[in-house]
Amino acid sequence: MKKFRVNPNKRLEDQGITGASAVYYNLLEPALVEAAVKRGEGQIGLGGAFLASTGTHTGRSPKDKFVVRSDTVENTIWWENNAPMTPDAFDRLYEDMLAHVKGRELFVQDLYGGADPAHRLDVRVVTELAWHGLFIRHMLRRPDASELESFAPEFTIINCPSFKADPARHGCRSETVIALNFDRKLILIANTAYAGENKKSVFTLLNYLLPAKGIMPMHCSANHALDNPEDAAVFFGLSGTGKTTLSADPSRILIGDDEHGWSDKGIFNFEGGCYAKTINLDAEAEPEIYATTHRFASVVENMVFDPDTLELDFTDDSLTANTRVAYPLDAISNASDTSLGGVPRNIIMLTCDAFGVLPPIARLTPAQAMYHFLSGFTSKVAGTEQGVTEPQPTFSTCFGAPFMPRRPEVYGKLLQQKIAKFGAECWLVNTGWTGGAYGSGSRMPIKATRALLSAALDGSLKTAEFRRDPNFGFDVPVSVPGVADVLLDPRRTWEDPKAYDVQAAKLVAMFAENFAQYVPFIDDEVRQAAIG
Ligand SMILES: Nc1ncnc2c1ncn2[C@@H]1O[C@H](COP(=O)(O)OP(=O)(O)O)[C@@H](O)[C@H]1O
Ligand SMILES: C=C(OP(=O)(O)O)C(=O)O
Ligand SMILES: [Mn+2]
């Protein structure tokens, strides 16, 4: 007997969305590809991937993201980091978007955010674009047909790229808007077709909801040892620091590449797919990710291709440096089939230091880990945010400030408690510049980063000889097999060591200045670990 692919009591009309010319519920991948092609949203590429381009918005628009300010969230949202919108402005936006979608086709995907059934969020994603439905179906977790019949969405996202917001009427900044309303349990996205907004919206929701349940939400990738899910590692990092690249390690099992939760049972992926950058992707260095760009129904975003041969150009950044491919986790042969792991034995904090000051790896005490987690020093790389065209040093607290609705110390305290309870080893890894700052030095060789991570994760690095870094006070290994000794001492990689000292002193001062905001919220141990 054919099963319904939607809960008959939860059709869009029940949610107040009426007048669409057609509503397609929970189409499978082939039907979504077909619909996207038929609607002229893009075309099929080699191997059956769907090739989409997003026009003016090829990265996230963090400045256009808003949270509706009301009594219920007044004391829980970090307003200095989340732009407020009034409930009335949101309601007008909602009403205008509902009027706009009348007569249009809509695609509905009912999905889970969270691989642990005890902590997952049931989200309904309503999209104007069929390929956005395909994208989010890859990225989140797909209920089976029987689960769909009783699926009750807790939050709904409505994403309508053809709708232009009006700042005067909708209380936003431009025609583009991403508005979160925790009272109405609704997210509205307009005037951007960048697919990443969909997944990062769900992440923002979970970052709000899970701390209330004692779960630490993390902007990190994760993997575990072959044959041992209890030997898990997480890799925190802002966009471009290497979460996706470094978690896809052929000698380990991939749990996920971007968003995870840490409960007392262990870690769980929020998602069911990956969203990898394809710029300069090397088929030999990353064969599995490369293969997904030629896989049926993968979503290839903003890549330039030859119109005659459909050959993808991995080096072409003329649309954006943020070219992407989205695919379900099972496209990767060494991916976990549960998306779960034990409590992390190793916590890696990835930073992309464009100043070329930080060492390629350092061991952190729990207090130092807290200091670096709250600081979140890194560089924004070209492309993932609108307007960023070269590495831009930044302090992005929790290694993901744009996605954190609560105050940083909420996440900091949770992480601190979990590290104290379970005793993870913590490491800071610089995947950014060596031999000088951006412009004179070069990006850290991936091979070296991988060798250092292998040594950290297999436990061999613990017994290495360490030196104390004079600027930051953490311990840095002196020698690691497979890595040139000189690379481990950034000062020696600079042509002019004095220039290194000047740059290091500047960076220390930047850290100290930035950290002042957290001093009232930390304990003595972290205060002692603070530098400067
Ligand atoms: N040492 C390094 N470690 C990790 N990534 C590196 C390194 N050097 C260069 N890269 C490049 O930096 C980018 C990291 O991006 P990605 O793994 O997608 O990061 P994230 O998932 O954190 O956004 C990739 O394009 C990768 O090839
Ligand atoms: C999708 C994103 O994440 P990341 O670059 O970390 O993969 C993003 O920041 O838009
Ligand atoms: Mn990534």
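Yeah, the Cβs are placed from backbone N, Cα and C, and that goes for glycine too.
Keep in mind that TrEMBL annotations are predicted by a computer and have not been checked by a curator.
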Listed in TrEMBL for the ATP site shared with LYS200, HIS219, GLY237, LEU238, SER239, GLY240, THR241, GLY242, LYS243, THR244, THR245, ARG324, THR449, one of GLU284, GLU286, GLU288: GLU286
Of TYR194, TYR208, residue recorded by TrEMBL at the substrate site of ARG60, LYS200, ARG324: TYR194
Annotated binding-site residues GLY237, THR241, LYS243, THR245, ASP258, ARG324, filtered by Cβ under 6 Å to ligand 3: LYS243, ASP258
Binding-site residues whose CB lies under 6 angstroms from ligand 2, from ARG60, TYR194, GLY237, SER239: ARG60, SER239
Cβ under 6 Å from ligand 1: qualifying binding-site residues of ARG60, TYR194, LYS200, HIS219, THR245: THR245
Of ARG60, TYR194, GLY237, ARG324, i.e. the binding-site residues, those within 10 Å of HIS219 (Mn(2+) binding site) when Cα atoms are compared: GLY237
Count of other CB atoms lying within 10 Å of the CB belonging to SER239 (ATP binding site): 26
